[in-house]
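What follows is a single structure, written as structure tokens, with notes after it.
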Amino acid sequence: MDFDSYQHYFYDYDCGEDFYRSTAPSEDIWKKFELVPSPPTSPPWGSGPGAVDPASGINPGEPWPGGGAGDEAESRGHSKAWGRNYASIIRRDCMWSGFSARERLERVVSDRLAPGAPRGNPPKAPATPDGTPSLEASNPAPATQCQLGEPKTQACSGSESPSDSEGEEIDVVTVEKRRSLDIRKPVTITVRADPLDPCMKHFHISIHQQQHNYAARFPPESCSQEGDPEPGPQEEAPEIEAPKEKEEEEEEEEEEEIVSPPPVGSEAPQSCHPKPVSSDTEDVTKRKNHNFLERKRRNDLRSRFLALRDQVPTLASCSKAPKVVILSKALEYLQALVGAEKKMATEKRQLRCRQQQLQKRIAYLSGY
């Protein structure tokens, strides 16, 4: 607050300054517009020689009309520049006049919430001669312009302000869920002062606001037809249409499954239901037969390998011989058997020839 007290907010004692000379207020000044119930009272002018005016941010040493420091000629010149509005300006300083600002803001809110107020663009707060700034928020996105004070009143769910009469009807705001956007969009807030008051200054500030006001109402139809459509409803429309399309597709599929073609004779309803049942049973029987045959093939193959292993003398004692070893040993044993058979066949031929020779010798000797 020490740094903020030396900043220029709304009033500058030099009336000939440039338009953009006034510095933008800090975040603390916006708390003064939130209808503070008991704002602090204005400090007395004669509080002390080292006191600093928080509204103007000027040290007592600077030339002020009526102050005890500075040159008298300069103070007279400044008193002429300020004119007769000097005392009223100090009283109307936005940093210290909370009650008057509260009453005016409540009056504007009650006018907007009146039952006869149109739903279109809300009327702007009229410029009052006492220098009360009117806030106007404009969103750079293609949307209708709305007053800055309107979302606050809507967030209160239509609570009555003290200035509202008992007979007036107040719109109750229905809070609707809006999709929160992670993208922050800049919102420009322009504070306009009273054009009749030469001491008021204009200043522009740009802030970043996250668009997740769940209590904001949808724009009126008249504004949406005249201006560009808002991105919010357009972005929500595909989400709403997507489940509708899914539901329609599911309904169509159910209708296709339920609705059958017109029956031709009395066999049509019977032919519809047995087909899926027969197809299912056929699949089950085929699967069962395939599994049975596969198990039988595996059992037969295993039994053949076990029998082959038993026929090979070298593997008869190996109960856990692999199939490759069984095949290789069986091949070697088979080749050995084939060689032995050929050898025995040659010996048999030789023995037969010897037999024939011996029979001829016996016949020759018996002839004598």
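Even glycines carry a Cβ here, placed using N, Cα and C.
According to Swiss-Prot:
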type: REGION; residues: 39-79; note: region 'Disordered'
type: REGION; residues: 112-179; note: region 'Disordered'
type: COMPBIAS; residues: 135-147; note: compositional bias 'Polar residues'
type: REGION; residues: 218-295; note: region 'Disordered'
type: COMPBIAS; residues: 247-258; note: compositional bias 'Acidic residues'
type: COMPBIAS; residues: 283-294; note: compositional bias 'Basic and acidic residues'
type: DOMAIN; residues: 285-337; note: domain 'bHLH'
type: REGION; residues: 337-365; note: region 'Leucine-zipper'
The region 'Leucine-zipper' (337-365), counted residue by residue under DSSP: helix, strand, coil: 29 helix, 0 strand, 0 coil
Counts by DSSP class (helix H/G/I, strand E/B, coil) across the compositional bias 'Basic and acidic residues' (283-294): 12 helix, 0 strand, 0 coil
